[in-house]
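Now, the feature entries from Swiss-Prot:
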type	residues	note
ACT_SITE	756	active site, charge relay system
ACT_SITE	833	active site, charge relay system
ACT_SITE	866	active site, charge relay system
CARBOHYD	135	N-linked glycosylation site
CARBOHYD	351	N-linked glycosylation site
CARBOHYD	574	N-linked glycosylation site
CARBOHYD	815	N-linked glycosylation site
CARBOHYD	902	N-linked glycosylation site
TOPO_DOM	1-99	topological domain 'Cytoplasmic'
TOPO_DOM	121-917	topological domain 'Vacuolar'
C-alpha cells in the first residue's frame, strides 16, 4: 500500500523534479519513500488532497506566467466538449415567444413553490450550509464556495516545479536539467543554477537536445523520458511509453548523440521490441537493459548487444522487480545497480515459479492492446499476476553480479543469511573498491541484517544484525535512503562508512557507521523529533548531512544539518514557525530546492546551503493564483490539537465550516487513512474533498492519527503489530465520543470514511463501534481480510497467518451483527484493482448476504484499478461520496424495519405534479 503511495497518497504517492524522467540513471530510481508508506497506497487520495510527498512528486496548478525555465512533468487534461446543437427552421414570432416564456416562468414558479412546501413539510430537514453572505468576514471578499469540480480539478492545486539536479562531469555542483516543451532555447539543457539566474546570459548552459523529436530510419521518435549520460555526450531516450504497474513501464529506447543531434536504436537488431528498464554506466560507455525479463549490455563503442541472461521469462525476472517487490520494497521499477567504477553490475534474480497467480479481469477494455481470438470477442481479457498473498509462497530473490570485463555472472555466499524462502532483500548500496552493502530481513520483516560483500575476492559476511521485534515489538520498513560516505583522510574520514536510520531512545534517528563492518554507530541526531526518510543530502567536502525532521510537532517538517561527528546541529528552515517544508539537494549539497508546503500558500526557492560560501537565492514559484483565489473564497478553519487516549497523545485536526458558530449543532465526518507509519494530520496547504465537505456542505471534518501512525514515537506505532485495526479503531471511536459530547456537535449525525487502508479502517471502526457512536461509514477499495493482501506488506505488520491465525481472524471484517447496527454504510471498489483485490469486497458481501444484512450500498467500477479512474470513475467516486453523505445527514438512510409505502406522501407529490391517481 504504498503512496493517498496510495491508494495511495501516490497518493494522489514521488520523485524529485524529473527524477525518474531525466536524472542520470545509474541505479534504481531514487524515491523519497517514507517509512510510513504502506503500499495500500495513499496515492489516489493524494491526488485529491494535493499532497506532495517529501521532495518528490508534486502537484501542479494553473500558471501565472509564461516562465518555462523550470521543468514540470507533463499534465494531461480530460476535455469534454459540450454537444453543439445548431438551430434550424423559421424564426419564431415575437408574440409566440412571449407567450411561451410566460408559461415557462409560471410553470417554474409553481414547481418551485411545491418543492419549497415539500421540503418544509418534511421531517427530514438538515443543517443547511452556511450562506456565503454570512461568511464574508471569515473568508474571501466575496465569500465564494468551492465546488466539487474545483477540488477534483487543477483549480486549487499548488504549482510545484521539480528540479532534477545533475552531478557535473568534472565535479561541478549546482547543475540542473531543464526541459523546454516549446523548444525556444533547446528541448533539453544542462545549466548552472547560479549563472542561469541571469536570463540574458548563456554562461554555463549546454543544449543536449534541440527538439523533443528526431528521425531514425524514417521513423519519427517522440521523447517520453530522457536520461543524459554522466559525461553529457549522449542521451538515453524512451519513446512510446506504456505503463505497466504503479512504477513500471515499457517502451522503445534510443541513444541520442549530443554532438550530431542524431539518434539510433539502443538495440539495432531489435529496435521495435519493448524494453522494461535501461540505465547508464557511471563511465557513460555502456547501457544495461532488461527486455522480456532478461538482461543485456550495449557498449557505446559497438552496435552489438551482449546477452547477460537468457532464461528469464514468466517466472524468472532479471534486473527488474516483480509486482510485490515493485510495490512494497523498492517503490520503483529497477533492481539493477552499477558499481561506481562501472566494472560490475549487481542485479536481483527473482524466481516466481512457486508464487500463485491472481486473475485481474477487464470487462470493458483490453489493456494488452491485442485483439481477441476469433469467437472470444465477448469474453473479458484476463491478466494473471504473480501475487503472493499472506502466507503463500514468496518470490525467491538472489543478488547476482555481472563482471563487465570478463562477461560472467557470479554469486557470493554469505554465512548465516536467511533461508531462500524466508529472505527479503530490501536495499543494495555500492561502496568503493568492489564492496557492496546488502540490507536483508526475514520474511516477517522484524530481523535486519546488513551483509558486506567484496566482489573482488568474492567473499561476504554479516556486519550488523538487529532484532527489531525483540527491541520494541516493531518491524523494519524498506527504504532506499542509506548513503555511502567514502573515506577521505584529509577531511577526517580514514575509512569508508554509511549513514543510516536507526532506532534510538524510541525514535527514528540518524547514525553514522564507519568503517563499513562496524556495528556500533555514532548517533547523529537525538531528541523527541523523528527523522523523515533521511538523509536528504550529504556535503562530503564540509562533512555535513542534511535531513528533514518532524519538527516540534509531528505535523511539521523542518530541514536541519549536522556534522558527521554529531556536532553543530543547525536548522536550515525557520523553526520558530509551525510550517511544513520539503527539500531536494544538489549532488554536492551546495544548493537546494526548498519547498514551503504549508500551512500558508506554498512557495519554492532555490537557495545556497548555509555552508556554501557563495550565497544564492532565487524564488521560482509563489503560487500567486492561489493567493488571489483565497481572497475570493471562504474556506474551512483548521484546529490542530492533541487528544489523550489510553496514555497516548494523538494528533487531531478539526476542520470547521466558515463562520463556525459554536451555538449550532453540526454533523461530523471523520476522515482517516491510519496505515502503519503513515500520517494524515499535517500542515500542508491543501484544498481537497475534506475542504469541500467542511466549506461548502457545512459539516465538521475530523482527522485522527491514531496508534500505529508515524512520527509520534515507536511505542505508539509498534503496539498495533499483529492486530491491525484493534487499537486504531478504538482511537477513532474514543475521539468520536469526545466530539459527540461537544455542544456544537450533532451526535446523531456522525460518519467516517477512508480509502484503501482507510477503507479497511472505516469498516473496522463501524464494526467495533456497532452504531453506538458513528451512524454511517463510507469505504473505498477496502481490505476486509489481511489474508487477501500481499505477503510482504501484510506479514510485516501481522506476521504470517500460520504464525498469527488469531490476529488475522480478529482483524478481518466479519462481525455482521455489529455492521447491521449502523444506520447505513457504503462500499465502492474497482474490479481491476491489482493492489487491493475486489475479492476483499466480494467476500464481505457474501458474509452480509449470509447474515441477511442489507443496510449498505455498493458501487462497483468496471476495469478501474486502485485509483478508480477508468471511464470517468474518479469523478463519480467523489460525487457519490458527497451525495451519499448529504443524504445520510439529511436522514434519508434512516433504518425502518418492514418498510411500507408512504401513500399520503405519494399522493401529495402526485397532486403537486398534476397527476390524477
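Please read every residue number as a count from 1 along the shown chain.
Every residue gets a Cβ built from N, Cα and C, even glycine.
Shown on the structure are the features that Swiss-Prot records.
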| residue | record | Cβ contacts under 8 Å, 6 or more apart |
| --- | --- | --- |
| 351 | N-linked glycosylation site | 315, 316, 395, 396, 397, 398 |
| 574 | N-linked glycosylation site | none |
| 815 | N-linked glycosylation site | 767, 770 |
| 833 | active site, charge relay system | 360, 781, 864, 865, 866 |
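Comparing local CB density within 10 A for the active-site residues 756, 866, the maximum falls on 756. When secondary structure is read from DSSP and collapsed to three states, residue 351 (N-linked glycosylation site) falls in the strand class.
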